[in-house]
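Heads up: the structure comes next, in structure tokens.
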Amino acid sequence: MSEDRWIKLAPWIWTIGLFVIWESAVRMFDIEVFILPAPTDIWQAIVKYWSPIWKNSLQTLWTTSLGFLMAVVGGLALGLAIGWSRNIYAGLYPLMIGFNSIPKVAVVPILVIWFGIGTVPAVLTAFLIAFFPIVVNVATGIATIEPEMEDVLRALGAKKLDIMLKVGIPRSMPYFFGSLKVAITLAFVGSVISETVAANSGIGHMMLAAQSQFNVPLVWAGLVALAVLGIAMYAIMALIEQKMTGWAHRSTAK
Amino acid sequence: MSCPAPSRHTKPSAEDCVTGFVDLRNVRLSYGGASSATLALEDLTISVAKGEFAAVVGPSGCGKSTLMKLATGLIRPNAGTVEVAGHEVDGPVSIAGMAFQNPSMLPWRTTLKNVMLPLEIVQPHRKRLSRERSRYVSLAESLLELVGLKGFGEKYPWQLSGGMQQRANLCRALIHDPALLMLDEPFGALDAFTREELWQVMRDLHAEKQFTTILVTHDLREAVFLADKVFVMSARPGRIIETKDITFARPRPIDLTYEAGFNDVVHELREHIADARAAA
């Protein structure tokens with residue numbers, strides 16, 4: 001086989017290898033299932049509890065996607081505003097740094113006071129945590145316009161809006177689509193945190209319930225479900241990024 | 001000034017006035033705040049006639065690029081006056097095209113669309129562009145052909161070499177048919193052969209279109225080959241310490257740059273700059 005094909009197969013080989021080592025280690029050292037279940041135990045749990053896993057996965061996917069979409073809209077808007085005006089930048093940036101440094105799990109109790117337990121706090125936590133990387137990336141893309149380009153356009157009489165539309169916004173798009181990959185992963189962190197603390201559905205809630213019943217394989221099945229969801233969403237974002245801003249990759253690939 | 005007093009019956013206009021197309025008089029410019037201001041230009045006077053090709057040379061950091069921004073209205077002088085086409089400059093002059101050392105092509109646009117970018121900004125082209133797109137496209141294509149980029153319009157900038165990008169950059173500076181072309185070391189980052197090629201491209205463009213040109217450069221051979229008039233600037237704060245008329249007949253062949261008379265002029269300019277550096 002050629003080297004290229006080996007490289008294409010490598011992710012699968014390594015993943016399968018990891019599970020094989022895991023399985024044999026559990027069997028060899030006779031590790032108790034409530035310490036570390038073997039992959040086959042987890043698989044059995046997935047088959048056995050397929051219906052709740054599926055339902056709760058859909059719930060988590062729904063809250064995450066909703067929070068993520070809000071983060072995309074809000075992050076894009078605020079990023080453009082910050083990139084547009086140095087005044088907004090100067091005023092808002094320190095606030096955002098401060099806000100971003102608050103662990104989002106600490107916000108969940110407040111959200112619960114406002115909205116009760118359930119879907120709303122999960123959506124909002126996902127939004128709050130996914131929002132920041134989008135803002136920073138979009139603003140960076142706009143703030144790093146080459147000064148020569150700006151001079152060329154300004155000398156022609158271009159208004160600020162012209163420069164934003166012709167240069168700033170297209171230029172920030174690779175940053176924006178790149179940030180979506182980070183943001184979607186963070187959105188899962190946010191929604192699952194909220195589900196573990198204050199929800200009655202979703203993967204996070206399911207895992208917490210399983211834990212309290214010492215159903216360890218189901219806890220791990222929840223982790224696998226989250227990994228699958230996360231990888232799938234990441235892949236979708238990467239695909240969107242490639243489709244939308246292929247020019248940015250081509251220009252560095254040369 | 002050689003500008004005659006306007007008669008009572010006619011309004012003063014650029015035609016009445018026999019001073020230059022670009023006039024900077026006793027300009028002073030400083031950067032930064034009142035306490036830590038850097039004086040970039042001091043008592044600088046330059047006059048470039050319509051259609052003339054002027055070059056500005058000087059030691060590095062003498063404020064050559066500041067001069068460009070003044071003449072295009074991107075910055076305003078602290079003292080003195082800047083006039084372009086008979087009007088005092090009080091904001092960006094849209095009759096100017098600019099090209100810098102960095103070609104700054106937009107990577108998401110094809111070369112043709114990059115060249116056509118100024119048309120989306122400058123009036124009256126801006127409002128005509130969508131209606132008369134095919135006419136403007138053929139205008140851009142003929143300009144690309146003129147600089148030797150025929151057939152490259154659909155290529156993206158990253159598919160072009162540095163020299164080709166710089167040719168496209170020139171086209172972008174010229175697409176809206178500016179009366180004034182400002183060049184800030186446009187060939188500085190190119191290899192020697194490509195640079196000579198582009199000198200000839202620039203010479204032919206100027207011969208054909210007769211726009212007024214101000215070329216800022218630190219390459220003396222480039223200045224002498226292309227310009228009708230070379231201004232030598234002092235070290236900061238920049239002033240004009242020497243104005244040299246270059247009288248070689250046009251069209252100038254590139255071989256001229258290897259002749260003794262040409263080198264004498266280059267030498268003379270070089271000594272002025274050496275003096276300016278020593279004085280600094």
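Including glycine, each Cβ sits where the backbone N, Cα and C put it.
Of the given residue ranges A:151-174, A:175-198, TrEMBL assigns the label transmembrane segment to A:175-198. Taking every listed stretch (A:12-29, A:61-83, A:123-145, A:218-240) in turn, the largest tally of C-beta pairs under 8 A with the transmembrane segment (A:95-117) is reached by A:123-145. Between the transmembrane segment (A:175-198) and the transmembrane segment (A:12-29) there are fewer than 3 Cβ pairs closer than 8 Å, counting only residues 6 or more apart in sequence, so the two stretches are not in contact. Same-chain residues lying 6+ beyond the ends of the transmembrane segment (A:218-240) with a Cβ under 8 Å from its Cβ atoms: 37, 41-42, 45-46, 49, 53, 56-57, 60-61, 64-65, 177, 180-181, 184-185, 188, 192, 203-204, 206-207, 210-211.
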